Amino acid sequence: MADAAFVPQPDIPKLSEVERVVDTFTAPSKTFTDILRSSAFLGPVIIMLLVAVGFSFAVQQKVGWDKVYENTIHQSPKAEERLAQLTPDQAATQKAVGAKITGVISYVYVIPVLIITAVTSLLVWITANFILGGTAKYGQIYAVNMYASLVMNIKFILAMVALFAGLAPDSFQLQNPVGTNIGFYLSQEAPKALTALGTHIDLFEIWSLVLATIGVSIVAKISRGKAAVAVVGWWAIFVLVGVGMAAVRS
């Protein structure tokens with residue numbers, strides 16, 4: 001079926017930051033249309049910070065960073081092999097340093113998320129504007145991606161609930177803390193590349209992609225089909241790169 005032509009939106013009242021956040025879940029087109037007026041994204045940043053602190057606190061209290069680092073090492077046979085080759089003192093030092101770094105990264109993960117979003121937004125902006133004929137500003141694409149990523153916070157809230165409900169520390173994986181994707185249910189014996197791929201077949205990740213597609217369509221004034229090419233296309237490329245890296249590390 002041919003892509004539907006972009007239909008200009010009529011003038012509508014300005015949305016508050018709270019309304020933008022709520023509408024992202026209930027009426028996303030309203031939020032993304034309002035981004036044409038203002039590309040601010042304070043709401044998503046505040047929510048992301050609060051969820052990051054809450055999630056990290058839950059992990060620290062219910063699992064502990066030493067155990068998190070140990071579980072991460074167990075996921076990589078090569079990493080386990082390298083650790084086994086160290087002396088007991090060296091291994092203990094590496095575990096202690098690794099646990100501290102893991103904890104710090106967890107609390108400040110908003111920073112790398114903002115950086116990664118900046119890169120992916122640039123790629124989507126270039127694709128939407130210079131290849132697909134869009135007219136979006138870079139800041140608008142960035143704001144779209146920030147609001148589209150709001151749904152990912154639900155995943156970490158569910159992980160917090162699971163932790164306080166008694167999730168076994170041995171089964172906890174920081175990179176994939178809750179079973180909203182196929183990779184979560186694959187055995188440890190499954191190929192790492194397959195697990196990496198399955199991790200991205202995730203309920204909230206797909207939801208986020210749908211939202212980003214809607215948003216890019218609105219701010220770039222292109223059809224949703226073209227917006228999907230830009231959004232899903234770059235997502236697929238990054239997923240394939242991650243799968244390849246997982247295969248190399250396994």
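Glycine residues also receive a Cβ, built from the backbone N, Cα and C atoms like all the rest.
Curation does not apply to TrEMBL; its annotations are automatic.
Noted in TrEMBL for the protein shown:
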- 23-243: domain 'Yip1' (DOMAIN)
- 40-59: transmembrane segment (TRANSMEM)
- 107-132: transmembrane segment (TRANSMEM)
- 144-168: transmembrane segment (TRANSMEM)
- 203-220: transmembrane segment (TRANSMEM)
- 227-248: transmembrane segment (TRANSMEM)
Ask   = Hey, which of 40-59, 144-168, 203-220, 227-248 has the most Cβ-Cβ pairs under 8 Å against the transmembrane segment (107-132)?
value = 227-248
Request  = Over the domain 'Yip1' (23-243), work out the mean pLDDT and round it to an integer.
outcome  = 95
Same-chain residues at least 6 beyond the ends of the transmembrane segment (144-168) whose Cβ lies under 8 Å from its Cβ atoms = 20-21, 24-25, 28, 31-32, 35, 41, 43-45, 47-48, 51-52, 54-55, 58-59, 62-63, 113, 117, 120-121, 124, 177-178, 180, 202, 204-205, 207-209, 211-212, 215-216, 218-219
Beyond the flanks of the transmembrane segment (203-220) by at least 6 residues, Cβ under 8 Å = 6, 9, 24, 28-29, 31-33, 35-36, 124, 128-129, 132, 134-137, 140-141, 143-145, 147-149, 151-152, 154-155, 180-181, 226-228, 230-232, 235
